[in-house]
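Heads up, the thing below is written out as structure tokens.
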Amino acid sequence: MKSLVRVAVTGAAGQIGYSLLFRIAAGEMFGKDRPVILQMLELPDEKAQAALKGVMMELEDCAFPLLAGMVGTDNPDIAFKDADVALLVGSRPRGPGMERKDLLMENAKIFTAQGAALNKVARRDVKVLVVGNPANTNAYIAMKSAPDLNPKHFTAMLRLDHNRALSQLSTKLSKPVANIEKLIVWGNHSPTMYPDYRFATADGTPIIEAINDQAWNANSFIPTVSKRGAAIIEVRGLSSAASAANAAIDHMRDWLLGSNGKWITMGVPSDGSYGIPEGMIFGFPVTTTNGEYSIVKDLPIDTFSKTYIDKTLAELEEERASIAHLLR
């Protein structure tokens, strides 16, 4: 058995948390030879804590061989103590009549506090994935609130968008998703994201040879991927939970265990590549090895792509400006 890993999960009793925890405990995130301790954070109110207790009872009842221990708490200092990995799932959802800027402000308070708690008690090499929306800006806030931790280890989840785009291409081409490589989702985890298959291949053949159809790209593919979350809410009555949890597992597994040379999409702090301001958390194509990621460099950006990348960048710059005063 490998050494155990301490995993902090916020919003642990929520829909995504419930879909996520059992799969982590079963070994799907870190491998079938890595014991885990789950350190679960929920809101301090009675209902949330009772729900968390119920989740912990169910985890006990699964008798997972890899589950070496559990902590359930409303205290971030306890949940993040010595954490190797932190999955920041919980965030304030957008309520009726709430403006986007109000949502940003409410979440800025949460992620400032969580970043500070990570800075105080987590392992110095902790790897952080922000799932709670607006994920890119929440990750930026947490990163800026944890000055003693490695900023490169604060990431946002764009893997759900990546997986959604993979699925759409798979359907269009009648090819298995496993045979499609070099897909990218640029930018913000929001409807402005830009799924880009210009470099993608299916069975080693460039996809643009099979789908040389800019009208389908602009009018069907991009809108379907970018509005998929809203489409699921419309029919399910609830937001994506199982698919989001699955994407979180994919993101962390590939980051920690390696992508084997394959491109994946991660929201990571920019190093200035592709003209994206340094430090901004932005969706890039990356490869991963030995627990570290590298941005895929020097891909040509055509006029069509630049329009979309500029739009998602502008949105992120606006979000960052709206919360800048909270980070001074």
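Here the Cβ of each residue, glycine as well, is placed from N, Cα and C on the backbone.
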Candidate from N107, N150 that Swiss-Prot assigns to the same NAD(+) site as G11, A12, A13, G14, Q15, I16, G17, Q114, V131, G132, N133: N107
Candidate sharing the substrate site with R100, N133, R164 (per Swiss-Prot), from R94, R124: R94
Cα distance (Å, whole number) from H189 (active site, proton acceptor) to A13 (NAD(+) binding site): 23
Largest tally of Cβ atoms lying within 10 Å of a Cβ, found at which of the recorded positions R94, R100, R164, H189: H189
DSSP-derived class (H/G/I helix, E/B strand, else coil) of A13 (NAD(+) binding site): coil
Per-residue Cβ crowding (10 Å cut-off), top of binding-site residues Q15, Q114, N133: Q114
Cα-Cα distance maximum in Å, computed over every pair in R94, R100, N133, R164 that the record assigns to substrate: 24
Distance, H189 (active site, proton acceptor) to R94 (substrate binding site) (CA atoms, angstrom): 15
Cα proximity to Q114 (NAD(+) binding site), best match among binding-site residues R100, N133, R164: N133
